[in-house]
Amino acid sequence: MNSILIANDGTQYQIKNQLGSGSFGTVYQVTDLSMNKHYACKIISKALLQKYNAEKMIRQEIYIQSTITHRNIVKVVNSFEDNYYIYIISEFCSRGTLKQPKIPYQEKEIFNITHSLMSALDCLHSNSIVHRDIKLENIFINEEGTYKLGDFGWATYIDKIEPVICGTTEYMPPEVVLKENHDFKVDSWSLGVLLYILVHTNYPFRAQSQSELIQLITTKEINVNKGIDEDLQILILALLTKDPQQRPTIQQLFMSKWIKKQMKLYNIFNKYENQQLKNKTLSKNLAIKIIDVNGSVKKCLADSQKSSLTQSTNTQISSSNNPCSPFQSKTNIDHIFSFKEDDNIISVPQPKFG
């Protein structure tokens, strides 16, 4: 293979060092010789694509990442091919990817990562795209410290989804491992797994075999660290709700108490926090499984007359008089996740970030 690649538009890329490898090829750091700018180049073997009938998947990956522009999504800037390889030129993220932490992340950084992924997924879902492979290794970090979602090999359009195993098993929701129909909420679950890892430093489901792992994903209830913010606990539990009908969408997450609180703390505009959207999309009843301090699982049902994610006033709930209380002591809860997705979600412009 030549050390200099020439794209169809005449751009010359000099191959530098290897960054990593995957199922179908290798990723290198390359330099655009005309601009002296660094990029990542994924070099994919056509022979392997043909062997595993994966060419269509790769071409869709190129199309999605080259047409979607968002600060939290790795952008494909060029692509070309020869008789043997497909070359994908994308943003170079010099700080690599997220790694499994040895100690829990601080709450500020947990929010930074979570909000970055929520923003990326909100953009994708608004364009009818499901990522289907949210995991640590697919969260890239550029020189400025911006978190970016990459590797769209399993991404597809919502109307093209088929009930197949896709992604990485540790991050798969029950409906995927059971080969059932799935939708945007597979990304909600995977985000919940990633969030759990950032808080606990390990996976919510760990097993010695694939069959045991699938069994845990479909049956085991989640326990979260009671030492973290109560609202963050509820957020994790909501995302890891096994019933996809009761699992929140990415749009609904913007109205969760912990996310709203963090966005206000860091003065970030929340495009979904307005009365019109609440009236249109937050009017349905919703239930999630909540684990109390004793580790028992309870189901909490929102008042049908109240907003499913956000109440206008705080409600004091105590375990002594309410079987749905997630904690034994009195606590203020202004949201309960799990209403069904509204078909009439309003489309609003993407916020601009600095």
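We count from 1, first residue shown onward.
Cβ from N, Cα, C; glycine included.
Here the structure is a predicted model, which means the values were calculated and not measured.
TrEMBL lists 13-259 with the feature domain 'Protein kinase'. Marked as ATP binding site by TrEMBL: Lys42, Glu137, Asn138, Asp151. The active site, proton acceptor annotation in TrEMBL covers Asp133. TrEMBL lists Lys135 with the feature SUMO2 cross-link.
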For Lys42 (ATP binding site), name the DSSP secondary structure in the helix/strand/coil scheme. strand
I need the neighbours of the ATP site defined by Lys42, Glu137, Asn138, Asp151. Which other residues of that chain put their C-beta within 8 angstroms of the C-beta centroid, in sequence order? Gly22, Thr97, Asp133, Phe140, Gly150, Gly153
Through the lens of DSSP with three states only, how would you label Asn138 (ATP binding site)? helix
Fewest other CB within 10 angstroms, which one of the recorded positions Asp133, Glu137, Asp151? Glu137
What Cα-Cα separation, expressed in whole Å, is found between Lys42 (ATP binding site) and the residue listed as 'SUMO2 cross-link'? 19
Return the maximum Cα to Cα distance in Å (whole number) over the record's ATP-binding residues: Lys42, Glu137, Asn138, Asp151. 15
Starting from the Cβ of Lys135 (SUMO2 cross-link), draw a 10 Å sphere and report how many other Cβ atoms land inside it. 17
Suppose you look only at the domain 'Protein kinase' (13-259); what would the mean pLDDT be? 94
